[in-house]
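Copied from TrEMBL, the annotated features are:
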DOMAIN    76-525  domain 'Major facilitator superfamily (MFS) profile'
REGION    1-29  region 'Disordered'
TRANSMEM  76-94  transmembrane segment
TRANSMEM  114-135  transmembrane segment
TRANSMEM  142-161  transmembrane segment
TRANSMEM  173-194  transmembrane segment
TRANSMEM  203-223  transmembrane segment
TRANSMEM  235-257  transmembrane segment
TRANSMEM  333-358  transmembrane segment
TRANSMEM  370-392  transmembrane segment
TRANSMEM  399-419  transmembrane segment
TRANSMEM  425-449  transmembrane segment
TRANSMEM  461-483  transmembrane segment
TRANSMEM  495-516  transmembrane segment
Amino acid sequence: MDPPREPTTLSIPLSPVPPNAPSIQPVSSGSAATITDVEKVAVNNVYSSACEHKPHNPRPTAEELKHLQRRIDLRIIPICSFLYLLCFICRQNIGNAKTFHMLETLPATSHEYQLALTAFFFTYSTFDVPCNILLRKVGPKKWLPLITLLSGVVTACMGVVHNADSLIGVRAVLGMTECGLFPGVAMIITMWYVKKEAQFRQALFFCAASMAGAFTGLLAVGLKSMDGQGNYEGWRWILIIEGIVTVVAACIAFFVVQNPPAIATFLSERDRSIITHRLRNDEFGLKDDGSDDENPDKDIDEEYIRGKLTEYRNGISHSKSKLLKLIFGKWHIYAHIMVFYGISAPMYSISLCLPTILTQLSPTTTPTRANLLTIPIYVTACIFSLTTAFASDRTGKRAPFILGAYITMFIGFLLALVRPARIPALAYVGVFIAACGIYPAFPGMITWYSNNIGGGEKVRAVSMAFHIGMGSFGGAMGANFYSSATKGPQSLYRVGHALNLAFVTAGLIAVLTLWWRYRAVNKKRDEQRQALRARFEEEVAIAKEKWVANKGVEEGWKENERFMRREFELKREIELVEHGEGSVWFEYTI
């Protein structure tokens with residue numbers, strides 16, 4: 001783990017220290033809570049301004065907070081979920097189209113079909129980070145509807161291709177248009193919700209993916225009846241109609257999607273103050289009421305002081321090398337990518353190939369029946385995802401629930417792998433069980449990583465996009481697990497099930513490693529924090545003795561002590577902003 005860091009001299013615009021500012025006894029040098037002279041003057045200025053400007057207290061009542069959260073939920077989650085539902089349908093409807101003789105009528109070989117599936121993930125993964133950077137510059141209100149509209153146009157174009165090369169090219173373009181939606185919405189959720197509220201909202205949003213699986217099967221069966229209309233095969237109408245619906249929905253979304261809290265039009269200034277207050281306290285490890293666990297005795301001036309700290313925090317400009325180190329120099333991002341692989345490879349292998357797998361269950365399984373059989377799997381997976389996320393948010397734990405989901409995946413794929421050829425229904429049961437682990441694990445994994453990113457919004461945006469982009473390469477591999485080359489004798493697809501089992505096992509090991517490592521780091525940092533606080537209390541006692549010795553009385557000491565404690569806490573917060581999860585004050589979510 002990273003050791004406590006030396007204090008950094010900060011470039012803050014300064015004005016002369018007011019003559020009535022209280023004198024300060026600095027914390028000892030070398031401590032992670034030391035205030036440099038530059039910082040001391042800056043904090044003096046903030047404190048002096050606070051004495052002249054006392055804002056209203058933004059702490060909400062329980063009823064007010066509940067009402068605000070309900071409004072946020074209704075404004076943010078439904079539209080984001082709907083857009084992701086449409087984009088995920090555009091992404092996986094090629095699997096449904098294949099069951100209705102797409103390869104025979106293009107024509108295309110099974111190998112070319114697998115290339116089309118894989119091409120999507122290479123562009124999807126490559127452009128994730130640039131898209132999240134553009135999201136911050138353009139704003140969600142324009143960006144999310146725009147990329148959804150483009151995804152609909154590309155999907156409709158996929159319905160009119162006439163050879164395999166065109167299919168591969170269009171799928172690659174679809175990866176470019178869709179790549180910004182999931183990491184973008186995952187980032188947006190962190191702008192609106194504190195850590196303990198995030199996974200249930202991520203699950204509500206991500207359930208659109210499982211419901212997309214149910215809808216694609218149902219829509220494919222219905223749209224297949226248009227076979228022959230306009231001299232187009234049924235599989236073409238599946239892609240064209242779903243693309244057009246996505247375009248129409250994206251046009252409506254331009255008027256519905258919201259910008260971040262700072263400029264969202266449906267919020268009052270009071271609402272904005274509450275949201276900012278809660279997110280700031282959540283980032284710095286404080287309670288919702290604005291008080292620290294160890295130092296709850298704070299007055300209304302603290303609100304103004306923390307507001308000034310936020311202004312400073314937003315003004316921090318990391319050098320490119322430092323920003324890259326904050327994003328890519330942390331060991332845990334690569335372990336989390338392995339956790340991502342263990343989920344994304346099975347998820348995309350199932351979502352893209354499930355209809356094909358089910359058509360091989362028995363000679364009597366028609367394409368229509370195979371598509372309908374996917375619906376119960378996705379609906380049940382959605383229910384499990386929401387239930388798991390609710391329990392995870394209530395307990396504040398992530399790793400135990402992700403571990404449980406991984407074990408469920410392991411059991412499901414193991415059952416599908418070892419099932420006898422004479423009992424094809426066991427393959428369906430195995431995939432059913434695996435899906436009930438995949439879909440709860442995905443939002444849990446995204447939330448777990450986002451909870452463990454420090455360093456501010458810019459670092460979080462790029463880190464999450466990099467995490468999702470690299471992890472999505474698992475989809476490129478998973479898309480090839482159930483090809484004709486891996487079908488095997490009697491269409492058992494044992495190679496595909498074995499590959500999924502291997503990825504799940506690797507991800508399971510990564511979860512256990514992160515869980516163990518986070519616990520160890522938290523324990524060691526807790527000891528260091530206790531030592532730093534104990535040292536600070538000793539310095540406060542020494543400063544008090546000097547005060548009494550110089551003044552002869554204790555009068556005025558309380559004000560000086562209170563300001564010393566504020567210095568300590570503000571320095572702690574600056575350390576968290578400057579060094580992110582590398583700071584001794586950062587506590588990992590387990």
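Any Cβ shown, glycine's included, is placed from N, Cα and C.
If you look at the transmembrane segment (114-135) against the transmembrane segment (399-419), you find fewer than three C-beta pairs under 8 angstroms, all six or more positions apart, and that falls short of contact. Each of 203-223, 333-358, 399-419, 425-449 was scored by its Cβ pairs under 8 Å to the transmembrane segment (461-483), and the highest score goes to 333-358. The transmembrane segment (235-257) is in contact with the transmembrane segment (142-161), judged by 3+ CB-CB distances under 8 Å for residue pairs 6 or more apart in sequence. Long-range neighbours of the transmembrane segment (495-516) within the same chain, counting only residues 6 or more positions beyond its ends whose Cβ lies under 8 Å from a Cβ of the stretch, are 332, 335-336, 338-343, 345-346, 349, 353, 357, 399, 402-403, 406-407, 409-410, 413-414, 416-417, 430, 434, 474, 477-478, 481-482, 486, 488, 590. By the count of Cβ pairs under 8 Å, the stretch nearest in packing to the transmembrane segment (203-223) among 76-94, 173-194, 333-358, 399-419 is 76-94. A contact links the transmembrane segment (370-392) to the transmembrane segment (425-449), because at least 3 Cβ pairs that are 6 or more residues apart lie under 8 A. In summary, the transmembrane segment (173-194) does not lie against the transmembrane segment (399-419): fewer than three C-beta pairs, each 6 or more positions apart in sequence, are under 8 Å. Per-residue confidence over the domain 'Major facilitator superfamily (MFS) profile' (76-525) averages 86 (mean pLDDT, predicted model).
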